[in-house]
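Engineer: Shown below is the structure under consideration.
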Amino acid sequence: MTAYDALLLLSFGGPEGPEDVIPFLENVTRGRNIPRERLEEVGEHYHLFGGVSPINGLCRDLKAAIESDFAAHGVDLPVYWGNRNWTPYLADTVRQMKADGIRRAAAFVTSAYSGFSTNDQYLDDIARARDEVQDAPEIVKLPVYCDRPGFIDPFTDAAKDALRRVPVGARLVFTAHSVPLSQPNRELYVAELERAARTVADGAAPGAPWDLVYQSRSGPPGQPWLEPQITDHLERLHKEGVNGVAVVPIGFVSDHMEVKYDLDVEAAERAAELGIPFARAATPGADPRFAALPRHLLGETE
Ligand SMILES: CC1=C(CCC(=O)O)c2cc3nc(cc4[nH]c(cc5[nH]c(cc1n2)c(C)c5CCC(=O)O)c(CCC(=O)O)c4C)C(CCC(=O)O)=C3C
Ligand SMILES: [Fe+2]
């Protein structure tokens, strides 16, 4: 079926305990001009969760779901997992793949879009990890999948479910991670987000208004980033008299910290203060349709 001899699940990584939080944040922000106060604030978000990022468990679940999907469809490929910013570090995974005799792996990244943070940085990570390992296996990133049914359909179902938890007429609000306006390929990222949001909105609430807004901004105050922020947007919707909000984190694939804190804690609190009924849609996570995406994408590339 395929010219590959392994699948590599490539993710962001996150701390596994309180002592990991600061070194993890240093890894993420090295050379990136993020204010110290912002780091301390984000560190507190992790400490609220015992210093453990949800992303690691989510990756383990997704890896198991991909393995089940492969087994159910006769795809005989081992699945490896490596991260950009924390253990299991990608370079260590590549070293293990090499030791196991892997020669050419396909990489499925836990980020669906084109753009710098969402695609290009992962390509750089692959190149850097391969440089660290002598005769490293070839690693080919699978195509961007933000328009695929395996990504869109779970969101459409989740958006419908979230709409059922707020009053009829509530606004569908899509969120994605903000990035600096100066970031390379920012237009492409936004265009893909708009297209994905429109597709989900058409499926979940045909004809109803929807918005695409941003979250988790981290740069210095003077630097322009994609706006509006979800919290500001909630205020605006409140002033407009909107009677409820169903938030769909279309920019992410799983319920990691940006979802569990920035939406489920921060945005939900803001909505409560404003008296707006608020529901947050699930992300694809380990949905079997999402876990089937690597197999579908493998079948298309050689
Ligand atoms: C577009 C995008 C995605 C979606 C694509 C993808 O999923 O890859 C994403 C995902 C994630 N971002 C994550 C964590 C962090 N991102 C940070 C900082 C930044 N993110 C950025 C962008 C994105 N980030 C940017 C432009 C910065 C500024 C620094 C820089 O230019 O790189 C910081 C520093 C502190 C802060 O938030 O300021 C942290 C801790 C986690 C792990 C969560 C967990 O542990 O559960 C995940 C999945
Ligand atoms: Fe981030």
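Just so you know, glycine gets a Cβ as well, placed from its N, Cα and C.
Any TrEMBL annotation is an automated prediction that lacks curation.
Taken from TrEMBL, the feature Fe-coproporphyrin III binding site applies to SER53, TYR122. The annotation Fe(2+) binding site is assigned in TrEMBL to HIS177, GLU258.
Situate these features within the shown structure.
Structural biologist: Annotation for TYR122 (Fe-coproporphyrin III binding site): spatial neighbours LEU10, ARG84, ALA107, VAL109, SER111, LYS141, criterion Cβ-Cβ under 8 Å with sequence separation of six or more.
All protein chains included, HIS177 (Fe(2+) binding site) registers 23 other Cβ atoms within 10 Å of its own Cβ.
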Engineer: Measure from the CA atom of SER53 (Fe-coproporphyrin III binding site) to the CA atom of HIS177 (Fe(2+) binding site) and give the result in Å, rounded to a whole number.
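Structural biologist: Checking the Cα atoms of HIS177 (Fe(2+) binding site) and SER53 (Fe-coproporphyrin III binding site) gives a distance of 17 Å.
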Engineer: Taking DSSP as the reference, which of helix, strand or coil describes GLU258 (Fe(2+) binding site)?
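Structural biologist: Where GLU258 (Fe(2+) binding site) sits, the three-state DSSP reduction gives helix.
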Engineer: Ligand 1 is in the model; which of the binding-site residues SER53, TYR122, HIS177 have a C-beta less than 6 angstroms from one of its atoms?
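Structural biologist: Only SER53, HIS177 meet the Cβ criterion.
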Engineer: Counting every protein chain present, what is the number of Cβ atoms, excluding its own, within 10 Å of the Cβ of GLU258 (Fe(2+) binding site)?
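Structural biologist: GLU258 (Fe(2+) binding site): 22 neighbouring Cβ atoms within 10 Å.
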Engineer: Sorted by position, what residues of the same chain at least six away from SER53 (Fe-coproporphyrin III binding site) have a C-beta under 8 A from it?
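Structural biologist: Result: GLY13, GLY14, PRO15, GLU16, PHE24, TYR46, TRP86, HIS256, MET257.
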